[in-house]
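Feature annotation from Swiss-Prot assigns ATP binding site to S9, A10, M11, N12, A13, G14, K15, S16, D87, E88, C89, Q90; the stated evidence is sequence analysis. The annotation active site, proton acceptor is assigned in Swiss-Prot to E88. The Zn(2+) binding site feature in Swiss-Prot is assigned to C145, C147, C182, H185.
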Amino acid sequence: MAQLYFYYSAMNAGKSTALLQSSYNYQERGMRTLVFTAEIDNRFGVGTVSSRIGLSSQAQLYNSGTSLLSIIAAEHQDTPIHCILLDECQFLTKEQVQELCQVVDELHLPVLCYGLRTDFLGELFPGSKYLLAWADKLVELKTICHCGRKANMVLRLDEQGRAVHNGEQVVIGGNESYVSVCRRHYKEAIKAACCS
C-alpha cells in the first residue's frame with residue numbers, strides 16, 4: 001500500500017544521503033524512481049541531489065509553480081514509476097503537498113519526502129507544516145549538537161559566526177551559514193545575539 005512519508009530533521013542529519021540510498025535500493029531491484037529537488041537550492045549544482053558524504057544523483061527541479069502531479073502522472077504513464085523521492089521538501093507549497101497526497105491515493109505510488117522541519121527562527125516551513133499534518137508516516141532523522149545532545153534547531157550565522165535572529169525565512173547556505181544545535185544552545189545563541 002502506497003503512503004506519503006516525511007523524513008524531517010535539522011540540517012546535516014543525512015536527509016539527502018537517506019534519499020539517495022532509498023532511490024538506489026529501488027533501482028537495484030530494477031524499479032524506476034523519480035527524484036525531485038528544489039530549484040531554489042543549487043548549492044551543489046542545478047538539478048542534483050548531493051550528500052555531504054559524496055553521493056549524488058540527477059533530479060528534476062521543482063519550484064512553487066510546478067505541478068508535481070502532472071509531471072509524475074505523465075512520467076508514470078510513459079514508463080511505470082515505483083517510487084517518488086523529493087529533497088528539500090520544506091520548500092513545497094500547500095498545493096504541492098496536496099498533489100503528493102493525490103499521487104499516493106490515486107496513482108498508488110509511494111512518495112518519500114525529505115526536508116527541514118523548522119527554519120532558523122524555530123518556525124515551520126510551509127511544506128513541512130503540511131507534510132507534518134498530512135503524511136502517513138513521520139520519521140525524524142537525528143543529528144547532534146556540539147554538546148552531544150540531539151540537535152533539533154537550526155541557527156543562521158552572520159559573517160562573524162554570530163546567530164541571526166531576524167530576516168528572510170529562506171536564505172540558501174551550507175555549513176558556513178547554518179549550524180544544527182539543541183534547543184538549549186539555540187536559546188543561548190539567540191539571547192546573546194539579541195543582547196549584543
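The backbone N, Cα and C atoms fix where each Cβ goes, and this holds for glycine too.
Positions of Swiss-Prot features highlighted on the structure.
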residue	record	Cβ within 10 Å
S9	ATP binding site	23
M11	ATP binding site	21
A13	ATP binding site	22
K15	ATP binding site	24
D87	ATP binding site	28
C89	ATP binding site	31
C145	Zn(2+) binding site	19
C147	Zn(2+) binding site	10
C182	Zn(2+) binding site	19
H185	Zn(2+) binding site	19
Discussion item. Roughly how many Å lie between the Cα atoms of E88 (active site, proton acceptor) and K15 (ATP binding site), rounded to a whole value?
Written reply: 9
Fill in: Cβ packing number for E88 (active site, proton acceptor), 10 Å threshold
25
Item to complete: Using DSSP reduced to three states, classify H185 (Zn(2+) binding site) as helix, strand or coil.
Response: helix
Worksheet entry | Cα distance (Å, whole number) from C182 (Zn(2+) binding site) to S9 (ATP binding site) | 12
Worksheet item: Between M11 (ATP binding site) and C147 (Zn(2+) binding site), how far is it from one CA atom to the other, in Å?
Response: 16
Worksheet entry | Residues close to Zn(2+) site centre defined by C145, C147, C182, H185, Cβ within 8 Å | I144, H146, G148, R149, A151, V181, R183, R184, Y186
